[in-house]
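Have a look at the structure below, then the notes.
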Amino acid sequence: MNFSGFLRLSTPRFSRSLATVTHTPRLAPQRHDWTRQEIQKIYDSPLLDLVFRASSIHRQNHDPSKIQLCTLMNIKTGGCSEDCSYCSQSSRYSTPTKASRLLDIEPVIEAARKAKENGSTRFCMGAAWRDLAGRKRGFERILQMVREVRGMGMEVCTTLGMLSPEQAKQLKEAGLTAYNHNLDTSREFYPQVITTRSYDERLGTISAVRDAGISVCSGGILGLGESDADRIGLIQEVANMPEHPESFPVNALVPIPGTPLEGNERVAHHTLLRTIATARVVLPGTIIRLAAGRNTLSESEQAMCFMAGANAVFTGEQMLTTPCSPWDEDKAMMGRWGLEGMQSFEQASVARKEGAALGPQTTRTVSKPQAESS
């Protein structure tokens, strides 16, 4: 029997055609009543199941082809009076980091221009201070830095220690987009890491920033000696804030000689991955920032973090006191994985706080199989 005619009639031919998928930025619904038990259950689920769940939630709330590129500059190094046990900028420890004065405006603006030319759309400035008390002239200089970087069309972020409500208001008026103030770890473990500033003082600064209409950037550091329960406690703390932080940095400790934590082991990749994926499930609309320690990850390890919901990185010459993956390497990696950089103010919740329109829809072209019968 000749089946050739039958096969021609019954077998569909598959060809690949282009379909356009429009991704409209939207504010994700937020829960503010997460229990430790609920988050623990998510964190403890089988790792591949957890990554799949997080990836699905990520795609519902973000364009998975977009990564926010940020550059961080230390505008005032060392000499800090705090005793953060991981930090080389503390004046209490003998480390390779030497104290310096607050930089002048022009070198900071030049660094921001260079970052923008290399594709970064958020420029972050950090000063090693406990707070701004007695620093009126320095604060005025920083306000001018914020105005000028914002005038370049970039998102602007600062981390300057504790803020008062009035200082937060001044930063907002100068054009500040976001303020970074990490909680670092759980409330329970925090006293083993820092004694010179309380957990509630950190929360007070975050409240002042949020009340001023500035986007909150607050996350933690893995590898401090904390337990899984502490990582879960950190996520619960930020998830149950009145608003989820617009950005949640996940840092992997880079042990620095001279600090109390210089002998800590590198955090396991699966721990980093679990933390990112759990944060993505609990904080669906938040930018999850793969921060310090990323340069120690292989490209495939970074790709898994992106799959699990990370969608921002620091890129450039260095972070505050630790190495950073350079722009050229990051752009090449993103090209291999089909990723592209976000535009400034593309995140819906940030755009809302800026009072800006969300702008035109982002259109992605994807291919899918389509059956054609003849």
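For all residues, glycine too, the Cβ spot is worked out from N, Cα and C.
What TrEMBL says about a protein is an automatic prediction, not a curated fact.
Taken from TrEMBL, the feature domain 'Radical SAM core' applies to 62-294. Taken from TrEMBL, the feature [4Fe-4S] cluster binding site applies to Cys80, Cys84, Cys87. Residues annotated as [2Fe-2S] cluster binding site in TrEMBL: Cys124, Cys157, Cys217, Arg289. Residues annotated as region 'Disordered' in TrEMBL: 348-374. Sequence annotations record features per position, and here TrEMBL assigns compositional bias 'Polar residues' to 360-374.
Excluding Cys124, Cys157, Cys217, Arg289, which define the [2Fe-2S] cluster site, the same chain contributes Cys70, Leu72, Arg122, Thr159, Ala178, Asn180, Ser247, Pro249 within 8 Å (Cβ to the Cβ centroid), listed in sequence order. Once Cβ contacts within 10 Å are tallied over all protein chains shown, the binding-site residues Cys87, Cys157, Cys217 are led by Cys217.
In sequence order, Ser90, Asp184, Val193, Ile194, Thr196 make up the list of same-chain residues 6 or more apart from Cys84 ([4Fe-4S] cluster binding site) whose Cβ falls under 8 Å from its Cβ. Counting other Cβ atoms within 10 Å of each Cβ, the binding-site residues Cys80, Cys124 show the lowest value at Cys80. Per-residue pLDDT, averaged along the domain 'Radical SAM core' (62-294), amounts to 92 for this model.
Distance from the CA of Cys87 ([4Fe-4S] cluster binding site) to the CA of Arg289 ([2Fe-2S] cluster binding site) is 19 Å. Cβ atoms within 8 Å of the centroid of the Cβ atoms of Cys80, Cys84, Cys87 (the [4Fe-4S] cluster site) belong to the same-chain residues Glu82, Asp83, Tyr86, Ser88, Gln89, Ser90, Ala128, site residues excluded. All protein chains shown were included, and the count of other CB atoms within 10 Å of the CB of Arg289 ([2Fe-2S] cluster binding site) stands at 24. Distance from the CA of Cys80 ([4Fe-4S] cluster binding site) to the CA of Cys157 ([2Fe-2S] cluster binding site) is 20 Å.
Taking the C-alpha positions, the distance from Cys217 ([2Fe-2S] cluster binding site) to Cys80 ([4Fe-4S] cluster binding site) comes to 21 Å. The separation of Cys124 ([2Fe-2S] cluster binding site) from Cys87 ([4Fe-4S] cluster binding site), Cα to Cα, is 18 Å. In this structure the alpha carbons, written CA, of Cys80 ([4Fe-4S] cluster binding site) and Cys124 ([2Fe-2S] cluster binding site) are 19 Å apart.
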